[in-house]
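Novice: Dumping the structure here so I can ask a few things about it.
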Amino acid sequence: MSKGTKVPGYMQGKGSRNPRGIIGDREIRYKCSLQNTILDVLRGRPGWQEVPGQNNIPQNVQANPKQQGQQSTGQQPSNTGKSGSGSTNQGTTFGNKGSVRNPQQGPGTQPGVPTRLGDGDWDFYWCDREWLAQNYDTMFLYEHQKILHFRNHYELTRKNLMVKNLKRLKKQTERELGKAEGQSFEFFPTTYELPSEYHIFVEEFKKNPGIIWIMKPAARAQGRGIFLFRRLKDITDWKKGEYQPLSDPNREVPETYVVQRYIENPYLIGGRKFDVRVYVLVVSYNPLKVWLYRSGFARFSNTRFSLDSIEDTYVHLTNVAIQKNAPDYDPDKGCKWSTQQLRKYLCAKHGVEAVKNAFKGIDNIIIKSLQSVQKIIINDKHCFEMYGYDVLFDSDLKPWLIEINASPSLTASGKEDYDLKFGLLNDVLNVLDLENRLTGKEKRIGGWDLLWEDGPILADDGNMECTPNGTTASIPNSFLGCHNDRKRQLRELFTAAQSIKKS
């Protein structure tokens, strides 16, 4: 390589740092406010440099599976965030102590040259939701910068808002395309928000005496606050709050909950209930561009399923935060299967075609739910979102949407879980491609498959995994639970992309 040749940032060592400029010509500067697997991924990525700042973790802190702190899997801010202009490029301030600059100027005293490596001098920021809520409306982002979370992500991840948006899109679909098309939305249980819809719920409750309902806090995570009930007297606190005057300071407002019809016939393996964690990456809402990760896991309850003991959380809740406290929980074995294990088991028992249709139902859940907020989410080219979908199969292999997490747990429960999440997060960075190594036309990057780009994506002929023998018809580019040979695929992908760029 000649002396004057520019070296891409991901190939540079720490001894060759170019001034701030085109991101591919220098090291990539990142910030991270979490202490778990994502920190290991960022620190281990060649050519990436950690920026000191208020929300960063000290360099001597390691985030291995045994030392990681718990990360929320889905708790949303109690403030619904309705305030704020919603503009994507308002203001000039970076972070709580960020540098204040004129948006018309470069990051430093001269265009493209910084005066110091400060809170604002980052290219990539894996921030928490609270930081984003406090700072988004007052910060200016440069063309190349990427940050986790869209401004009003809670429209999809807060349980009551998720259902509200799905109901609205379902009604719109039925009105425009007919009742039959509305059937494609029958993947979430009958749901009401309490206390605001208490009396509407009571009418539904009386129509179906004896069935089980489940109560969930709208903005909590890891199974906290969830309980099952059969009697109205178990939820009288929410009745009191329905018509509470806002001006009455002496009456406490009950926490917002959703009440859902409990799925009483879950698919069982070994007599135990489970749900499936599915990872989804959205890099744009307008147009909608969605990636689906091949790997994930099924979370099992530690106790055999029974409707006789609805108060036993170890029977009915599969959250690891709940199950790890069970008296007979084995931390070495855990309560997880990989999605690949689950798919193989289901195929052996029900056949490839039945399982393909079941997993196709998961694709439908993902796309319909994202479309329900597509016109509501404040789209910003600087933002991306990695969601954790929780899906439950019933005894007929029908998938049901349980919830969607804006901050799925990145804390590993063991080596296999750590390897999964390490690869998952590395591939998020590969998709975002701050190093500018790819062509932008890829359908697969590591473990991520492009599911939707302003319309469904079809698989290439040479990528027909997890399909019945002899299948020739075009199929969706969806391979959840299929073989994930991400390292080999990445090597071939980067080599091919480099050749295309040279030519």
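Even glycines carry a Cβ here, placed using N, Cα and C.
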Novice: Which residue range, 156-183, 324-351, is the one TrEMBL calls coiled coil?
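Specialist: From TrEMBL, the annotated coiled coil range turns out to be 156-183.
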Novice: Six or more residues beyond either end and a Cβ under 8 Å away: which residues meet both conditions relative to the coiled coil (156-183)?
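Specialist: Cβ under 8 Å, 6 or more out: 74, 76, 80, 191, 193, 216-219, 256, 258, 368-373, 376-377, 387, 403-406.
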Novice: Kindly state the mean pLDDT of the coiled coil (156-183) in the predicted structure.
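Specialist: 96, rounded to a whole number.
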